[in-house]
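Below is one structure, written out as structure tokens, with a few remarks after it.
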Amino acid sequence: MVLEMPAARVPAGPDARDVRQALARHVLTDGYDLVLDLEASAGPWLVDAVTGTRYLDLFSFFASAPLGINPSCIVDDPAFVGELAAAAVNKPSNPDVYTVPYAKFVTTFARVLGDPLLPHLFFVDGGALAVENALKAAFDWKAQKLGLDDRAVNRLQVLHLERSFHGRSGYTMSLTNTDPSKTARYPKFDWPRIPAPALEHPLTTHAEANREAERRALEAAEEAFRAADGMIACFLAEPIQGEGGDNHFSAEFLQAMQDLCHRHDALFVLDEVQSGCGLTGTAWAYQQLGLRPDLVAFGKKTQVCGVMGGGRIGEVESNVFAVSSRISSTWGGNLADMVRATRVLETIERTDLLDSVVQRGKYLRDGLEALAERHPGVVTNARGRGLMCAVDLPDTEQRDAVLRRMYTGHQVIALPCGTRGLRFRPPLTVTESELDQGLEALAASLASRG
């Protein structure tokens, strides 16, 4: 005899008005005070499900939404939505169980974003873990080249820059140094850190100071290599530092660091988690700087994070890309994210979107430079590459106040960076009209700063 059990009653979830209260019972809720309407929001416009207020999104979920929210290439294609839903029903372990969507994603990624000199791909969830696995690849490479045993590998080091943000995982915690609250009281490695010679703009005005900053940084790098006595596995840098202040570096400085790595038999590793996937107007920022990295960490806009590898990695035949389980994870990324990323990359390719990024980026940068001219001594250091643009304000307090006024008074969301930087991270599809609204909000917020 089979007993029929009454169906369990599933309690109704919270409605929009209760979201923050429901979350606050269990998680920290110190983010934006809007409740995102996942249906009404579209493109660069985020809608508050409680008030109906529309916000201009110039932060794109911390530079992770390449086409904004609910892009038409996805939501207006019912067949593709079905394909995406089918991929979301299950979560297979991609490194060991293979599917057509996985293969389609990998081939699309290689075609749209790939570098022939970096043929190896590794996928994982999270930008910090992308960097983490790039470091593991570098440690493994260096250890094999030197013939180090398990005890000796503990002497290996990572040369890196001040004001870096590379994540909050194990190895990366020793490299991130933007905000002490993110790294304090966690055990860290004492790895060599050199000054970050961020370019001051306009470049013509600050040429001598910029050259001197680069000279000091290169001297510090030379000394770090000397002191490490051959134990530096790699140099790791963001080609443009994001959270640390939207700090740009000259091609000459980065090329000099690359040359130092070659001379001292260390890998040259770039973190393009924020700057990659078209934000600067090319697939990767390093392509505009004359660089040939050995490893590149990626994430955010790519939807699936990971590492591209090549270059001198091939000097060691049994590198981590060739040996089973040297680097891996259960899921190796997320299949649903891969399906979404495939459509995003196809759209970037089909629409020649990166050409538009170059044009819109110049438009935004010109607007920021005009604001700097109108507010001398207040708005300074207008800078950008593609849509990765920023300005500086006099101090942290004034910067934060301007951002608050942009948000509360003009419904525009931008981001802080460094101690006094204000950065824009719009979707790649942003229009000149939308950039105008953002620039006008910044101008009005500056005018009302008191």
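Glycine is treated like the rest: Cβ placed from N, Cα and C.
Swiss-Prot lists Gly127, Ala128 as pyridoxal 5'-phosphate-binding residues, and of the candidates Gln274, Gln287, Gln288 the one it assigns to that same site is Gln274. Cross-referencing Arg20, Arg420, Arg423 against the 2-oxoglutarate binding annotation in Swiss-Prot, which names Arg168, Gln274, picks out Arg423. Nearest to Gly127 (pyridoxal 5'-phosphate binding site) in space, judged by Cα atoms and limited to the recorded positions Arg168, Lys300, Arg423, is Lys300. Distance from the CA of Lys300 (N6-(pyridoxal phosphate)lysine) to the CA of Gln274 (pyridoxal 5'-phosphate binding site) is 6 Å.
Taking the C-alpha positions, the distance from Arg423 (2-oxoglutarate binding site) to Lys300 (N6-(pyridoxal phosphate)lysine) comes to 16 Å. Other residues of the same chain near the pyridoxal 5'-phosphate site, with their Cβ within 8 Å of the Cβ centroid of Gly127, Ala128, Gln274, are Gly126, Ala130, Val131, Phe165, His166, Gly167, Asp271, Val273, Ala297, Gly299, Lys300, Cys305. Ranked by how many other Cβ atoms sit within 10 Å of their Cβ, the recorded positions Arg168, Lys300, Arg423 place Arg168 at the bottom. Under the DSSP three-state reduction, Arg423 (2-oxoglutarate binding site) is assigned to strand.
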